[in-house]
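The block underneath contains the structure these notes are about, expressed in structure tokens.
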Amino acid sequence: MDFKIGAIDTCKPLNNDVANLPTTNAAIIQTPTVPLFNSPDSTLGRHLARRLVQIGITDVFSVPGDFNLTLLDHLVAEPELNLVGCCNELNAGYAADGYARARGVGACVVTFTVGGLSVLNAIAGAYSENLPLICIVGGPNSNDYGTNRVLHHTIGLQDFSQELRCFQTVTCNQAVVNNLGDAHEMIDNAISTCLKESKPVYISISCNLPGIPHPTFSHDPVPFVLSPRLSNMMGLEAAVEAAAEFLNKAVKPVLVGGQKMRVAKACDAFVELADGCGYAVAVMPAAKGLVPEYHPHFIGTYWGAVSTAFCAEIVESADAYLFAGPIFNDYSSVGYSLLLKKEKAIIVQPDRVTIGNGPAFGCVLMRDFLSALAKRLKHNPTSYENYHRIYVPEGHPLKCEPKEALRVNILFQHIQNMLSGDSAVIAETGDSWFNCQKLKLPQGCSYEFQMQYGSIGWSVGATLGYAQAAPEKRVIACIGDGSFQVTAQDISTMLRCGQRTIIFLINNLGYTIEVEIHDGPYNVIKNWNYTGLVDAIHNGEGKCWTTKVYCEEELVEAIETANGVKKDCLCFIEVIVHKDDTSKELLEWGSRVSAANSRPPNPQ
């Protein structure tokens, strides 16, 4: 039986799963009423617009340029598609990234080369985070290919392939559409590959083609099939048998969730396993939000020396640990300092299971493996009981004196109290990583940050995209002043879209995360009047409220206003803190990453 995908709800991620399409059978996009050939709707541009709507996209982030203007006309003409104009291509890409996190797939449209190379950094970030994102570029006139002409918006060579070659390394499929004959198949193949691989794709469409009718856009199209990936059943059984034997003989095993559970669509299966086995349950930092923190055996974030209190002690003292979808890079391993032993670990990747020093089982899907393993493990709560035995409730920050300068730990204590099931937290690269990790997410509260790529400024665009995809959520974004300076312009787009995000701009006069890795004069930035800047961007158009806070009393008043009379406004709260007011976790992490970066060359 085929699944027909014709509504947004089908593609909305469940439990933070990206591109949560049906997995048990082939999925075929449902084709709407077929337009007549030579009608205004039987064009390449309208076909692409309809395809985007069919996979669940209702907002496309764009920056106009002469090569994409005709294509934008056709996207605007699609009644179920909203074109969101951004201030620059980088932010359009970041917005599509944030949109994909909330909706399951995102899209942006830019112009050839000057736009394409500007958005490239955002596409690379989405690739690193396994996000399905469709990057559409308005390309040169089809008649210019192969003519040895030099075009504007290029680097002045007669070869137009520079942009394509750049995108080949950060996308899983590339379609250069410069004729109508195979345009339909190329576009469908790119979109289906995007959804199957959960990675970005690149589609370039010649600027003279979007408005031309063609028979393939008016008759029943080539079926748009998403074939399911299946586990090798013998391999699955062998992997489950070996893993069950490995874990059942352990005294105090633990479970740790990693960020690749999202792309593997295995979050529910992980919770099923946690419910069945009774082990202590932790997450790696980039997986925060993928596992419910209200789970009875949840013990926090495992991040080596900067883990949440008492979590590392339980994980690293375990005699067996199962990691589901981990990425062990220099950031997540705190400069390669994790106290883990390979022979104690089961590593479960989206389609592969490795037990200790071997054996490894390929063609085994994570969700199938975790679900099957849940039925084979003995209930063993020892590791959680050990955690409960050593756990000491964390103390509250020292109370501020009246009008005392605001401290960051006080700020995040109040942000914690703001969170509800209707909230979504966006954490920018920097000290917000560490402070937001300590937030306890209530049921329904979403959480996003970009740890693998760690591009400063990501959060402004991502907040725009996430809020556009999930208007029912009140997004709370925690952004440092250095990061904000990179991408501040698209506060403008948030206002145009009528968003009601709360932005905490943490003004500590520089790149604090870089200071703790390696300090220098380059980490000091020019201080801005950030509230004044946002007021100027507001310019009396749209709903916006700004304030600047220096002490706890002012912070409390600002939060009450943002949640009260200004609850339907974009609220921008600039928080003034001391430049050296950082979390202890950042201090520890920074010193270890610095040591890893400073290792001398190996002897030749």
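Cβ from N, Cα, C; glycine included.
Predicted automatically and left uncurated, TrEMBL annotations should be read as such.
ASP481 (Mg(2+) binding site) has a Cβ environment of 25 other Cβ atoms inside 10 Å. Sequence annotations record features per position, and here TrEMBL assigns Mg(2+) binding site to ASP481, ASN508, GLY510.
The annotation domain 'Thiamine pyrophosphate enzyme N-terminal TPP-binding' is assigned in TrEMBL to 43-152.
The domain 'Thiamine pyrophosphate enzyme central' feature in TrEMBL is assigned to 240-358. Residue counts of the domain 'Thiamine pyrophosphate enzyme central' (240-358) by helix, strand and coil are 39 helix, 25 strand, 55 coil (DSSP-based).
According to TrEMBL, the domain 'Thiamine pyrophosphate enzyme TPP-binding' annotation covers 450-575.
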Checklist outcome for this item: DSSP puts the residues of the domain 'Thiamine pyrophosphate enzyme N-terminal TPP-binding' (43-152) at 51 helix, 22 strand, 37 coil
Item to check | Extra residues within 8 Å (Cβ to Cβ centroid of ASP481, ASN508, GLY510), Mg(2+) | outcome: GLY480, GLY482, ILE506, ASN507, LEU509, TYR511, THR512, ILE525, LYS579
Checklist entry - In the predicted model, what is the mean pLDDT computed over the domain 'Thiamine pyrophosphate enzyme TPP-binding' (450-575)? => result 94
Item to check | Cβ neighbour count within 10 Å of ASN508 (Mg(2+) binding site) | outcome: 21
